[in-house]
Each structure stands twice: as C-alpha cells, then as structure tokens.
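What TrEMBL records for K161, K185, S439 is substrate binding site. Per TrEMBL, active site, proton donor is recorded for K197. Taken from TrEMBL, the feature site 'Important for catalysis' covers D237. The annotation NAD(+) binding site is assigned in TrEMBL to T280, N311.
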Amino acid sequence: MADSPTQALDADSSPFPDSFYTPSASLPEACASFPCHQPDWNRCHFFLSTWLHASVLFREGRHWEWKFPTGVLCKGSGEDPTIDIRGRRWLFWGKMNALVATSRNFKQAAKLLGLDSKLEKSLLIPFREIKVECTIPKDDGTLASFVGFRVQHDNARGPMKGGIRFHHEVDPDEVNALAQLMTWKTAVANIPYGGAKGGIGCSPGELSVSELERLTRVFTQKIHDLIGIHTDVPAPDMGTNPQTMAWILDEYSKFHGYSPAVVTGKPIDLGGSLGRDAATGRGVLFATESLLADYGKSIKDQRFIIQGFGNVGSWAAQLISEAGGKVIAVSDVTGAIKNPKGIDIEKLLQHSAENHGIKGFNGGESINPSSLLTEDCDVLIPAALGGVINRENANDIKAKFIIEAANHPSDPEADEILSKKGVVILPDIYANSGGVTVSYFEWVQNIQGFMWDEDKVNAELKTYMNRSFKGMKEMCKTHNCDLRMGAFTLGVNRVARATVLRGWEA
C-alpha cells in the first residue's frame, strides 16, 4: 500500500479482509478496504465505530478523535473526512453502498431496542455465504463462466427466503445487504421466514433462452443441497421470472423428488399462486392507502409519480389508477413521460407491451428521466434500482410522501435531508413486502396441496399489510422514531426474540 500523504479508499475492495477480525489487523489496511466514493464525515465515523469498534473521545465541528480497543488513537479534521492513524492520513470518500446503509439502519434499531452487543453482532453476521462458479456451453459452442452467489442471512424464525437475480452488477456486498433486508422484511410482515438473497453476475439480455436455462440448472446443481422447502426458498428477482423458477424446481426435483414448495413465484401450472404476479404492486397500493389514511388522505386526492415501469411499477400504476389516483409521470429504462392531467395507464401498458418500453407514448410529454424524481407531485414511488434518492437530489424532491417500492432506493443521508423537509418516507422493508407475503401464501398452498382463489389471496394480503402497518406505527410511538426505524425496530425485535428463545448462546 502506497505511503502517500492522503490515501483514497479502494471502492472495489472487499470490506471484510481476512485480517480484519484479528487483533493484529492493520488499522490503515482495514480502513482502506471500506468501499466509498464521496466525502462524508458521518460515514467515516460509522465505519470506524461499527466495524473497528472505535469510541469517540472528542468531537467539535469537523474535528474528531477516536480511540480503538487496542488503545490506538485516531484523529480527524478538515472539510473532507481525512483521518490520521499512526502518522498516516486516510481519506474516506464515497456513496454509501447498500450493505453499509442496511447495517447502519440495523445498528440504529439495535440501539433503540437496547440489544446486547453479542446478540447484535450475531444478528448482523450472515448464517452462510455461498459463492459458486457456473460454466456453461453457449449456443456457438464456446464456454462461458459466471459467478453465482447465495447469502443465507438468518433462520431464527423459519426457512430463509429471498430472490435470485440475474444482473451484471450482482456482487457479494449487494447480495449480503439484500439478504439482511429480507430477514427484517419477513419479520415486519410477520411471516415465518428468515432472509436470503442470491444472484448470478450476468447480462440476461445477452443470453439466449437455452443459455439462461443451462445457467440456471448449473447454479441449482451447485446449491441444491443448501436450499430446500424447510431450509431456503428462492423466488424471482431482477432478471429472473416464473420460467426461471420452473427450471430450478425441475433441477432440484431430480435430486430430491418433486418439490413444488422449494421455490415461489412459479408458473400457475406448476403450483404458482394466483395473485402472485401483482402481489408487490398490490402491496404498494395497500401500504400507500394505510399511510395516506393515517394523514387523513386517500388515493383519490393525490398526484403520483412512479419511477420504474417493470412488474412492480406497472402494477402499482395500474392499481393506483383504478383506485382513483392520478399518475402524472412515469419512467423506465427507455425514457420518461409526464402528463399533469393524468396518464392513461391502460393505454400506456398496451404501448409498453407492444414497444418494449414507454418511449414514444403519445399520451404525455417526454421528459429527461433524471428529472423525474424532482417533478412536483404528492406521492413519489421509486420502483426501480436502489440508491436513486441521495444527498445530491434530496433537496430538490417536491413530493410530500415517498413509498419505497424498490429495495434501498433512499440513502441514509437523503433520509436526513428529507426528514428535515417534512417528507414522510414509507420504508422498503414494509412497502414492498407484498411480494414475499404472497410468496408465503404460495408456499403454504404447496405444502397443503390446496390452492386458494385470487380473492382470498388479495384479501389475506390486505390483512397482513394493514396489520404490519399498525405494528410499525406502534414501534414509532414506543421509540419516538420515524417510519424506517419503526419498521426496523419491529423486524429486528422479532428476530432477536426468536433468536434468544431458541437459545442462541448454547
């Protein structure tokens, strides 16, 4: 490592080097492994205190002093978070990644709950992390290798549950964060699951259907003995769909016998549940209704902007429109459109299906997708990728309510800015839990061998969403916190209680 006066942290390094957990770990090396991109003192402090267990000795403005358990002192000062450890200076800079943001929310919830430090650490560390190499023959006869991941975070409350995504940006940090989020999400929904997440680093659009099938089957072969009906139940996610789940089911059944409950989000003909396709979007509708009712408002009175027009965004737009809401702007990967009088969602859905995107739709004005989040509206629903609301654009957001239909769409820094502006954020671990809730219904139906009609599925989903909202609000009152911390304390508390009752120290 270079002895330069100011060492910028490597954004591509793992935050968990092997030496990190040993008493002889080099503090500068541990610091240099923290993935970041922009200056932020709070992030610097969060890393030092959380991962290196440093305590603050002194703070005044931008002047900080920390002390590590080994007795080593650390001083920081200046406009940018530059710290001095043993005579060498280190610059923390970066956009907070999903793992750090999720861990930060967990730490805040654990502090509010007064969790024992050993239990807190136990809940944060994943139960198992799996990394496999998947080599397949391509249609042209060449071989291609991909890396697959499955992080199984916690099983204190039941089998681990989470999606499998095919995306070129899949990495261990992201999968780890999303697995942890699933643990808290299933607990918030009060369904008997833990959390997991998986993915393969690939570009599904560049692979043929037969190549995707071979890749899915090879991945299943590598992990089949680590998933199962009562162990870990995968589901579709970004870049995967019911067909992907059908391939996993078939490959898994070759080893374990016909097991429809091993995955959810399957085709109806293979035991999939009615209502599953719309479940996350319908859950967003029910969550939005609950939040607005809490403020004496209704869907009919509000103007909505929806970022993302995939499965979740399109169903949310359709259901909100049917409920009387006015969707005034929408975006997807092809572009963005705006119509202050309200977009005809039925026509937009037809256009999107025929043209593989909303670009070119004549029922609204084309706008720059980057400006969509800051357009004037009452309710903003980010339903695409994470990290889209950050400190760069938070000050410009005009929405009064934000419903997080995507996973981790808002950074903690943006939370602070929006909170000061009086914007109410309905957190992802509650707002988009409709999908995993109906996945639970599918799992139950498969185990029982008795299928429900769609009206029953939708009615049960509304019951679960309303019950979860009530529980979240009660935690907000108990701990005098915002909705995100209300959801996190609700979820973390349920998992912690289950862990203790099962005898975690034995």
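Note that the numbers count up from 1, one per residue, in the order the chain is shown.
Glycine is no exception: its Cβ is also placed from the backbone N, Cα and C atoms.
On the structure: features taken from TrEMBL.
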residue	record	Cβ within 10 Å
K161	substrate binding site	30
K185	substrate binding site	29
K197	active site, proton donor	31
D237	site 'Important for catalysis'	22
T280	NAD(+) binding site	24
N311	NAD(+) binding site	18
S439	substrate binding site	29
For D237 (site 'Important for catalysis'), which of the listed recorded positions (K161, K185, K197, T280, S439) have their CA atom within 10 A of its CA? K197
Sequence-ordered recorded positions within 10 Å (Cα) of K161 (substrate binding site), taken from K197, T280, N311, are K197
At the level of the C-alpha atoms, what whole-angstrom distance separates K197 (active site, proton donor) and S439 (substrate binding site)? 14
